[in-house]
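Structure record follows, encoded as structure tokens.
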Amino acid sequence: MAEKFSSVLKLTELDDFITPSQECIKPVIIDKKNTSTQFTIESDGSYVETTSDGEKVQMEKATITLNDCLACSGCITSAESVLISAQSTVEFSNVLKSIAESKPDSIVVVSISPQSRASLANHFGIDSMQLHRKLVTFLKSIGVNHVFDTSFSREFALIESAEEFIARYKQTYDKPLPMLASACPGWICYAEKTHGDYVLPYISTTKSPQQIMGTLVKYYLSKKINTLPSNIYHVTIMPCYDKKLEASRSDFYNDVFKTKDVDCVLSTSEVLELLKEHGDVDLLKLEEATLDNSIFNNVIFNQQTGQPEKFLGVTGSTGGYFEYLFRRAAKELFGKEIEGEIEYKVGRNTDFKEASLEVDGKKVLSFAKAYGFRNIQNIVRKIKTTTASSSKKEPQYHFVEVMACPSGCINGGGQIKAASGSLREQKLLIEQSEQKYYQDLSIQSYEQLPSTLEIKDIYDQWMNGPFSLDAKTKLHTQYHMIEKSKNALSIKW
Amino acid sequence: MDRIKEISIIRDGLPSKVWYLAWNPQGTLLASCGDDKSIQIWKQVDVVNDVDDQQQQQWVMAAKLDVHEKTVRRIAWSPDGKLIAAASFDASTSIWELSDDMNDNENNNNDSLEFNHISTLEGHQYEVKSVAWDHTGTLLATCSRDKSIWIWQMDEEKEFECLSISHGHGQDIKCVLWHPTEEILASASYDDTIKMWQDTDGDWESINTLVGHESTVWDISFNRAGDRLVSCSDDKSVILWALVKGDHSDPSQSSSSSSSSYQWKQSQIFESSHSRTIYSVDWSKDQYERIVSTGSDDSIVLYEKEVESNNNNNNNNNNNPDTTTKYKKSYQKLNAHNSDVNCIRWCPTRAGIMASCGDDSTIRIWKII
């Protein structure tokens, strides 16, 4: 089970209770009323407490919630078992059932990430558009009202990130450089728990595409379709289990409406389980649905047939932050157009790449992609050394696309894995999914964003434009340093 | 006949439990660590005994390095003897450089040495258990209770970059050790196995797993050619392993890796070599190639080559572990320390000299006679 998570979250294993490996050290708070009690274990395995006056009370099972895990520095996350039980296909199916039975006003929305679509299309051996349409058919058959593509919300994430970067560069936004990408929840979790004191100011405040979709669905769409945010049940399908943790953050919970921006996150591979649980559905045999072109879609329709033809997207199967920010910053800060492909310099391993822009012989923009845990280490190390030295040194990089998984999101922990698990087969699978990512895709250049009128309208009418005060409230978030608990280390040598 | 004679002892200035010691490559300094968070550096001074006019060894503290928040578990000198790496339970590894400032270290009258703390390597989630430099002095490996092995590369400015974070052991990793001539790393674990690691396309992957011990493997040591390995364990045994090159794919052998052309095979086992846990083992790199082990039974055991049999070392077929030189347990020094002995190491420059340390708060220097 542990191998489903990104490598950052894999330092400890789930099914390991033997010392000296990591045990959960989170103290479970139990309301203690009696001091002199006896415990007995009944024949059914339940624990019964006998109070001093002979009364028998069944003891409550001590449980640790996702929020406990997020707030605890005991481990990066041993919450993984908790994580899966809290957000699962079973939970999703139960919600669908209860809505069908007793909540006719509820709206169910599913947002699919393009990386999940690529992995599924590769798994079923069909085109990306076909896969999407068949999946829509399936989801609607089990009670889902709307199916969206997170490429839609990703455009907001890209635009906000670029605006934020330019503002940081011009020092009009009170945050330092380098700016570190914020879309990867594994990385965020790691940064908050282990390097909180000095690394958090560098992390982009822009929400991830998943969480922007959450905001749009709960607070824009709800108004548009005249319902309450809490009446919408929002599920995302993501290449990554760590996204479940992200959705559980208290920053993404609304106290007034008592609702989360994203209610449930399913990984790509859990979609296969969902198909199985709903009568072993053969996805290939399903009809290709007609897509709804009125809301939240990034799809080009054929003008004659009215059928969906291509998705609108960007270069980069990890979200395209590097490329979009690099080109826009070059243009807006220095009036330079990056012609053709970006020339990457590959570092010590293929998961570290960099590119730079020189103006009059001076390096004015220096960008890097740092994927995987070891490259994260080196970035964090560089920032720490720069921060520690009192001299005001120019940062080595201005922007780093940090991702916890080697090869980025296309190789996310939640993607469908190679059958044999061999390294070679896994690498081949990544390549194939990468190809599927670009299939049926109309790649939008940086100048073409926002790619649809709808995105522009939402920006203009709902937020007063990109990186406005309104946009900062709606599309940005904050990070929290988690204090290291002092008793976390029980020494065993 | 007493084969192992104590020639010197260090008592003052040591932690109450001394966990580890390391000779510098020149054999002139000893670094030690224990349960007091510091690293102690000892320098040998020769004094002439007034009574019998014999030269005697004395060790004086030349430096005490203090930066860690928790215990230092193991230390390692770089091959040139200029750097020290220290693995600590505070989850970090510190790097120290011996100052080559003449005023600091050469022309002074006293015996103190100056070390500068030049770097701290962070990243392990829990206690760092061991640290090792490769033979070139540019790669550094660390291992931890978090079950991961980290490989760092040091550049010319002595800046460190993480090359790889590897997983494979199912439990706490007790020690890491580099092959004497090749870029192969060995690790020993609480999961009872030893693993060999190698760079494969930028990732350090486990290429062999040596299965044979029945409990925690505490320490390992290569012979000087790097084609044999000795290990010691909580199971009270010492195992000798031999490298078999080529396609000797024997399904019965202990290695689990089939793709590798390097296979390690158990060639000899000394069962119940000590009466309690064996914590430390070392293979001397001199012409005698002796092995020594020690542990919680307070004793030191010496292993030496059997007298050359019909299979001598010039035999062309000496890749086969069955024809490698057999060792015999030749001597046991009982009550070498007054308590558990945690570490024993041969002096790299003087054959037959070794140092041990233990829970009795002493370091003892021994000579084979």
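Positions of Cβ are set from backbone N, Cα and C atoms, glycine also.
Worth saying up front: this structure is predicted, and the values here are computed from it rather than measured.
According to TrEMBL, the feature repeat 'WD' maps to B:11-43 (among others). Regional average pLDDT for the repeat 'WD' (B:11-43) in the model is 96.
Positions annotated as repeat 'WD' by TrEMBL: B:65-106 (among others).
Below 8 angstroms of C-beta separation, residues 70, 73-80, 83, 85-95, 97, 168-181, 183, 185, 187, 197, 204 of the same chain, each at least six residues beyond the ends of the repeat 'WD' (B:121-162), sit close to that stretch. Per TrEMBL, the feature repeat 'WD' maps to B:121-162 (among others).
Same-chain residues lying 6 or more positions outside the repeat 'WD' (B:166-198) and placing a CB less than 8 Å from one of its CB atoms are 74, 129-135, 139, 141-145, 147-151, 204-211, 213-222, 224-226, 229, 231, 233, 235, 241, 262, 264, 285. Here TrEMBL flags B:166-198 (among others) as repeat 'WD'.
Annotated repeat 'WD' per TrEMBL: B:210-241 (among others), in sequence order. Remote same-chain partners of the repeat 'WD' (B:210-241), defined as residues 6 or more beyond its termini with a Cβ less than 8 Å from a stretch Cβ, comprise 174-175, 177, 179-182, 186, 188-190, 192-196, 254-256, 264-283, 285, 289, 291, 293, 295, 301, 303, 319, 321, 324, 327, 343.
Residues or ranges marked as repeat 'WD' in TrEMBL: B:334-369 (among others). Using DSSP to sort the residues of the repeat 'WD' (B:334-369) gives these counts of helix, strand and coil: 0 helix, 18 strand, 18 coil.
Using the rule of three or more Cβ pairs under 8 Å, pairs at least 6 apart in sequence, the repeat 'WD' (B:65-106) is in contact with the repeat 'WD' (B:11-43). Among residues of the same chain six or more beyond the repeat 'WD' (B:334-369), those with a C-beta under 8 A of the stretch's C-beta atoms are 2-11, 14-23, 25-27, 30, 32, 34, 42, 57, 59, 219, 279-288, 290, 292-296, 298-300, 302. Residues 59-66, 68-77, 79-81, 84, 86, 88, 96, 111, 113, 115, 342-343, 345-350, 353, 355-359, 361-363 of the same chain sit 6 or more residues outside the repeat 'WD' (B:11-43) yet have a Cβ under 8 Å from a Cβ within it. Helix, strand and coil residue tallies for the repeat 'WD' (B:210-241), in that order: 0 helix, 17 strand, 15 coil [DSSP].
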